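S.K.: Before I ask anything, here is the structure I am working with.
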Amino acid sequence: MTMDKPTMHMLSVQEKGGETRKANQYLAAVAAAIGAVAAGTILGWTSPALPQLEPPKNMSEFAPERDIFELNTTSNVTEILINSLGQQTDLLLDTKESSLVSSVLAIGAAISALPIGVFAQQYGRRPTILILAVPFILSWLLTIFANGAGMLIAARFFAGLATGGICVAAPMYIGEIAETSIRGSLGAFFQLFLTVGILFTFVVGGWTHWRTLSIISAAIPVLLIVVFWWMPETPQYLLGKNRRRDAEKALRWLRGPDADLTTELEDMQKEVDNASRLQGGILHMLTNRAPLMAFICSLGLMFFQQFSGINAVIFYTNQIFASAGSDIPAVIATIIVGVVQTIATYISSLLIERAGRRILLLQSCIIMGLCLIILGTYFKLQEDGANVSSVGWIPLVCLVLFIISFSLGFGPIPWMMMSELFPVEFRGTASGITVITNWMLVFIVTLCFPLMKDAIGIYSCFWFFAGFMIVCVFFVFFLIPETKGKTVSQIQTILGGKA
């Protein structure tokens, strides 16, 4: 392919007679987002699987439990293990083991995020995403063939490595292949496909054995390799490695045959040149205003995403349904939540380029804050013995509103803005640190929430998170820039306080 003569040099990609085609950009974004589906199946897995792996609450009615490892070695023992759902099972976890199975994921994710960011910077976004399919597949194999807690914990650790890595690599890839006008919509794909993966797991897992669920889920990382294999590397990365011809080829595929690439390529080249002049070290990031602000905004968004109490609310779904007086089984309740989340995240991807990021984030913290205050008040009254049965629908309405509001704003946007805010030279490292922070917060909130609940009561927990949402309104209002329709260099100017 010959280099285009830069005749229509001053005109932007849109203005030239040739429109950009968006189909391939959507295709590449969806292909990368299969990684998010894989991560969603990992995140959702414990919800249907753990009840099948835990012993019943009162053991007395069942035969005394034997050591599980002993069972595997002595074949003549025909002891039957019964799980908490009253089903026969070949494997049970005690409380310590099952809490490890739940929490080791976050540790794995926190470990892999930074190395994967650096790897993506060095070797490219495409190979990074493809390589991450390996720990995904490995974790499912370990799960499928697990014969004891050890293998399951190892499986969840590898699952964590893969999930933490994909949280860095996929948003970065999607943010770099999209043109400015659809960058937000495509950026929301990551969270959207994550919720699809979670929903998929709730639906399949609700009615199948955990091993069957794991076999089905193992197909998704395989699909990632098969589909994503054909996608190009991001033009930014290629330019950064002085592969201009390849960058142009990739961009041509992404923007279609008629698009004028000259301006966009030159903008990218400028960005890359600036990047190579600045050393992308942590120190430089913390001493320059623009990258420092990007860093503060990104970490802040991740912090408030976790301290919105989203995990607490989802954790409490079944009790909220129960207090509304509905006898919907837990399985169905979680699926309803999953469906609401997926639909709202999809709506967010449509709104994000129209409404802008700030409005969606602001409605998110305000509505979530109000819902948390009301939920807290309801459960406080209930505990004080007030008769709240007549308004039992209130927590249910709050739950649904909360999840819609989260999914429109604080669900997808922090992931998307992470790849928008950082200049090219910091993107890998900074995304890595941001994702590590996110997972450490997940770990802290998940670990402390049950303890807090017992110590100060569920209503105080809801109020505690509501307090953070009030602070969050000011954070978003005063610090988060509107990035809708702006190029990376324009965003840097705003962050640097020059606009």
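Glycine residues also receive a Cβ, built from the backbone N, Cα and C atoms like all the rest.
Unlike curated entries, TrEMBL annotations are predicted automatically.
Heads up, here are the entries from TrEMBL:
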TRANSMEM  26-46  transmembrane segment
DOMAIN    28-484  domain 'Major facilitator superfamily (MFS) profile'
TRANSMEM  100-120  transmembrane segment
TRANSMEM  127-146  transmembrane segment
TRANSMEM  152-174  transmembrane segment
TRANSMEM  186-207  transmembrane segment
TRANSMEM  213-231  transmembrane segment
TRANSMEM  292-316  transmembrane segment
TRANSMEM  328-347  transmembrane segment
TRANSMEM  359-379  transmembrane segment
TRANSMEM  391-411  transmembrane segment
TRANSMEM  432-452  transmembrane segment
TRANSMEM  458-480  transmembrane segment
S.K.: Can you tell me which recorded stretch out of 127-146, 186-207, 328-347, 359-379, 458-480 has the most Cβ pairs within less than 8 Å of the transmembrane segment (100-120)?
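M.R.: Per the Cβ under 8 Å count, 127-146.
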S.K.: Using a Cβ-Cβ cut-off of under 8 Å, list the residues of the same chain that are 6+ residues beyond the ends of the transmembrane segment (328-347) and lie near it.
M.R.: 44, 47-48, 188, 191-192, 195-196, 198-199, 202-203, 206-207, 314, 317-318, 321, 399-400, 403-404, 406-408, 411-412
S.K.: List, by number or range, the same-chain residues at least 6 past the transmembrane segment (26-46) whose CB is under 8 A from its CB atoms?
M.R.: 101-102, 105, 129, 132-133, 136, 139, 143, 159, 162-163, 166-167, 169-170, 173-174, 177-178, 186, 189-202, 205, 210, 213-214, 217, 220-221, 223-224, 227-228, 230-232, 254, 338
S.K.: Same-chain Cβ contacts of the transmembrane segment (432-452) under 8 Å, 6 or more residues past its ends?
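M.R.: Answer is 102-103, 106-107, 109-110, 113-118, 164, 167-168, 295, 298-299, 302-303, 305-307, 311-312, 315, 414, 418, 460-461, 464.
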S.K.: Could you give the residue numbers and ranges of same-chain residues that sit at least 6 residues beyond the transmembrane segment (213-231) on either side and whose C-beta is under 8 angstroms from one of its C-beta atoms?
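M.R.: Result: 27-28, 31-32, 34-35, 37-38, 41-42, 45, 48-49, 126, 129-130, 133, 136-137, 140-141, 143-144, 162, 197, 201, 204-205.
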S.K.: Restricting to the same chain and to residues at least six past its boundaries, which positions have a Cβ under 8 Å from a Cβ of the transmembrane segment (127-146)?
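M.R.: For the transmembrane segment (127-146), the list is 32, 35, 38, 42, 45, 91, 116, 119-120, 152, 154-159, 161-162, 165-166, 169-170, 173, 210-211, 214-215, 217-218, 220-222, 224-225, 228-229.
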S.K.: Which residues of the chain, 6 or more past the ends of the transmembrane segment (152-174), have a CB below 8 A from one of its CBs?
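M.R.: Sequence-distant neighbours of the transmembrane segment (152-174): 28-29, 32-33, 35-36, 38-39, 42-43, 45, 53, 93, 97, 100-102, 104-113, 116-117, 120, 125-126, 128-129, 132-136, 138-143, 146, 186-187, 189-190, 221, 234, 415-416, 418-419, 427-428, 431-432, 435-436, 438-439.
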S.K.: So what's the average pLDDT for the domain 'Major facilitator superfamily (MFS) profile' (28-484)?
M.R.: 88
